[in-house]
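What follows is a short report on a single structure.
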Amino acid sequence: MIVSTLQSLTALTLAGGFFYLIFATPGVRRRVYRRQALFGLVAGVLVIFLGFSAFSIEALAISISAKPGPLVFAGYLGGPVGGLIAACLSALYLLSLDVPMPSLLAGLFAHVGFVAVGLGVRKLVAPRDWPRVPMRAVWLLLAGFVVLQALPVLALGLFGSNGPSLETILFNVAFVCGLGILSILVTWQVVALAHRFAIQADEKARLTSRLELVLKSAGVGVTSRIAGSDDIFVDAGALEIYGLTDRAPGLMSVNDLWATFHPDDLDRVRTDLENQTAAETQHLLLEFRIIRPSDGETRHILLNWGCARDPQSGKLELTSVLSDVTDLRQMAASRAEALGRLEAAADNVPGMIYQGIWSSNGAEKHLYLGGKSREYWGVEPQQAYDDAAILTTGKTPEELAMGGRVFMDAAHRGTAIHRRSQVRGRWIDFHGSAAPIGDDLCRVDGVVVDATGEVAALDEAQRQTELANRAQRMESIGQLTGGIAHDFNNLLAVIMGNLELLKDDIHGPDQRRMIEAGLEATRRGADLTRSMLAFARRARLDPEPLDLNEVIRHARNWMYRALPETVDMETSLLAGLWQVRLDAASLESAILNLLLNARDAMAGHGKLTIETANLRIDDAYVDSRDQELLPGRYVMLAISDTGTGIPEHSLHKIFEPFYTTKGPGQGSGIGLSMVQGFVKQSGGTVQVYTEPGQGTTFKLYFPATNADGSMVSLNSRRAASARFDAGGLRLLLAEDETAVRKVLVATLRAAGFDVTAAASGDEAMAVYAANPVFDVVITDIVMPGTLQGTGLARALRALNPDLPMIFMSGYASEATVHGNGLRPEDIRLMKPVPKGDLLRAVAQVLGRTAPAP
């Protein structure tokens, strides 16, 4: 019996191993019929093995074994499929035995009944968490077994021939039921243990999978080695890091790993690891470089190394966790480089970056100061970091508290901070913001700028404004005086004329004396009016020889301050410019007035161009807008803007005193009057060219001087007025200004050209398209209509690529011609165009000879 019991336990243990395989295999566990069939198969085979270890009760002539447990659970956990398989295997086993028919039938009944008990309990208490068996199901399985087992045993004992006594039968029934119950309980525990081991294996597999996923996601690898061994275990992550992607995870030679190390790091790392291994250091961080065989890249590796002795073998095991930190090192290098550039930029910007912590009592801590702290405060940044009060030395507690309150109020309100203070003789501006970071604390960020130059410029601008105001008042007085003198002179002319008429008709001595007295009074009045007109024409000036280019270059500093940053300023200064004799202060005042007018016309956005040029003026004018100007050499100063232009109805009023298009309080209206008065007083003139929507150009013409400062006369060099023999050549002229067009037509026809005039580019295009027989085209650049001068040129040259063309403009060339597609050889003339220059330009494009000046 003992041997049979041991054999049965061995069979149950083996079956538990197979149950574990079923429970631990995901592909089997997830498929219901497959797991039922396999469970029934294992249970059926187990029944056969348990049958070999069965023992018989001779008194009852029946075989006793541990088969009830597997059969019951075959029905419960195996379901109909598993129960059927187990029952069939059990039946085959019984049929193979040489037993009497009654015992065979009783055995078949019992085995099928055990399976039926399992199936019945399965119906009552289904195994929802398969293969876990609920306790209620266990009790029902035991009860069903007892009922099924006791009845046939009692029947065989009571009704069999030569049967034992009742006490023996009851004992045997109890023994059989007890052995069956034990079989069920043992089988239950075997199944439970197999299930528990399967769960543990599954959790271990999941944990291993998660660990591998974490290591793979983190780009981490693991190596393990026994100290002194030539082999090392390397996982897939470590192989990827080392660039040994052609290797499989597992053991490999440690020399293969050393071969990947950077030559400059190999000796250092080996020495460190050998020393730490000898000292059995528990933890070590090392960083080194490798050269990956897979791609030849140099990578930075961080090694987290540790060692521990195996408690059983006593061997020292070295374990390393590796990570590729190349990206981190590159980011750190990029960050350091960016910080370096930022610090360099911060040191080169016109100011200093500041960050600090402030309270309502003043500065608590300075977090960052640029390198200009020594220049502003006379301290190094580190000194300010160590002592927050060093930047406010000499300030009273009230002044510190006031500054702190300004920052705290700005932090709570979210407003910008703009403060100006004086430090060590400098004016310092702070522009920034503040953010609350706690009770009575805020972080202040901003830029500190040296405003000393700006303050000085403002003072100078104020002084210049006062001077300009005085000059404007004088100009206004002069204008008023000149007007009165002019009218009074007319009255004197009438009086004088009538007195002279009376003098011719009256011969009495007394009457003639009275007439002479009246004439003398009118002469004295005429002298007085001449003095008044002289005052109206000129103020007290101090002229001196000047180079306009040098004046412009010197004035650039205050010019930039007078203009917003959104206005671009460009200068085109002619090399070899002639000298002029002017009052420098008045010249700068005139430039400032024109600059401010241009700024207002552009509404703070646009481009301003200043140009200088040499110009010869003779008595043959092309532009009807010319003022009276003596022939000679002149220096031209042009100031152009890209503003809205001057309306036609206002153009003739702009030089009138007190005339302005600005709102009340925004302009006096005498700035341009001052400019005109100064230029005329200096012997020159002012011309204005404007196009609505295009911009405006003011041209100031000043007489040129000799090297010794004397005025230059061109009487001996006046341009010849000989006619140009045009030979009946046909010329197309496009000019929108009627007066200018008439003068040009008369000049060109006098030279012998057959001239056809057009008032716009569109009209000129229509004329040429109707009869394209013209030898040369002269066009203004800015005209009304669809086709401007450059557009007309492109359209005409699409029809005749070789058509000669001459372009005219009243604007400074640098301000009006930008990327318009004109050819480099095209001639551009600046208005007013002298007759000689015009004829020479026509001769040049036609390849003929014109008279030289």
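Glycine is no exception: its Cβ is also placed from the backbone N, Cα and C atoms.
TrEMBL entries are annotated by machine, without manual review.
Database features (TrEMBL):
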type: DOMAIN; residues: 284-337; note: domain 'PAC'
type: DOMAIN; residues: 483-706; note: domain 'Histidine kinase'
type: DOMAIN; residues: 730-846; note: domain 'Response regulatory'
type: MOD_RES; residues: Asp780; note: 4-aspartylphosphate
type: TRANSMEM; residues: 6-25; note: transmembrane segment
type: TRANSMEM; residues: 37-61; note: transmembrane segment
type: TRANSMEM; residues: 73-95; note: transmembrane segment
type: TRANSMEM; residues: 104-125; note: transmembrane segment
type: TRANSMEM; residues: 137-157; note: transmembrane segment
type: TRANSMEM; residues: 169-191; note: transmembrane segment
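Among the stretches 6-25, 73-95, 104-125, the one making the largest number of Cβ pairs under 8 Å with the transmembrane segment (169-191) is 6-25. Across the domain 'Response regulatory' (730-846), DSSP classifies residues as 50 helix, 24 strand, 43 coil. Long-range neighbours of the transmembrane segment (104-125) within the same chain, counting only residues 6 or more positions beyond its ends whose Cβ lies under 8 Å from a Cβ of the stretch, are 47, 62-63, 67-68, 71-80, 83-84, 86-87, 90-91, 94-95, 97, 134, 136-137, 140-141, 144-145, 148-149, 152, 156.
Neighbour count (other Cβ atoms within 10 Å of the Cβ, all protein chains): 25 for the residue listed as '4-aspartylphosphate'. Counting residues per DSSP class in helix, strand and coil order gives 12 helix, 29 strand, 13 coil for the domain 'PAC' (284-337).
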